[in-house]
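According to Swiss-Prot, the signal peptide annotation covers 1-21. Look at Swiss-Prot and you will find 60-69 tagged as compositional bias 'Basic and acidic residues'. Positions annotated as region 'Disordered' by Swiss-Prot: 60-82. Under the heading disulfide bond, Swiss-Prot lists Cys75-Cys90, Cys82-Cys95, Cys89-Cys110, citing similarity to another entry as support.
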Amino acid sequence: MNTVRATFLLVFVLAVSLGQADKDENRMEMQEKTEQGKSYLDFAENLLLQKLEELEAKLLEEDSEESRNSRQKRCIGEGVPCDENDPRCCSGLVCLKPTLHGIWYKSYYCYKK
């Protein structure tokens, strides 16, 4: 019975001592991995920052290429009076003289084509 207890105690002590060594090794491995992970995260962060800066530069470049004259001028909607000589009707509309209603106004209106 004593030999069984002694054997059990010996196995227990070896398991605990080897377990402690493994725990220290695991701790050191985890520290190394976190340091490597931090460097990887820094690298990924810098790469993402570069891509965002490139995208921002492209967007700003496109904005600067547009001039005020390239914007579409305001247009007149359907059924709104327009000038015969300078029609500003929206696309799909034409400046025409009214046929039935509004003939007493003697004005042109924007109508669908």
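Counting starts with 1 at the first residue shown.
Every residue gets a Cβ built from N, Cα and C, even glycine.
Known features from Swiss-Prot, placed on the structure.
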residue	record	Cβ neighbours (10 Å)
Cys75	disulfide bond	15
Cys82	disulfide bond	21
Cys89	disulfide bond	21
Cys90	disulfide bond	13
Cys95	disulfide bond	20
Cys110	disulfide bond	21
Cys75 (disulfide bond) to Cys89 (disulfide bond) - Cα separation in whole Å:
5
Whole-number answer please: how many Å between the C-alpha atoms of Cys95 (disulfide bond) and Cys110 (disulfide bond)?
4
For Cys89 (disulfide bond) and Cys82 (disulfide bond), determine the Cα separation and express it in whole Å.
7
Based on DSSP, name the secondary structure state of Cys89 (disulfide bond): helix, strand or coil.
strand
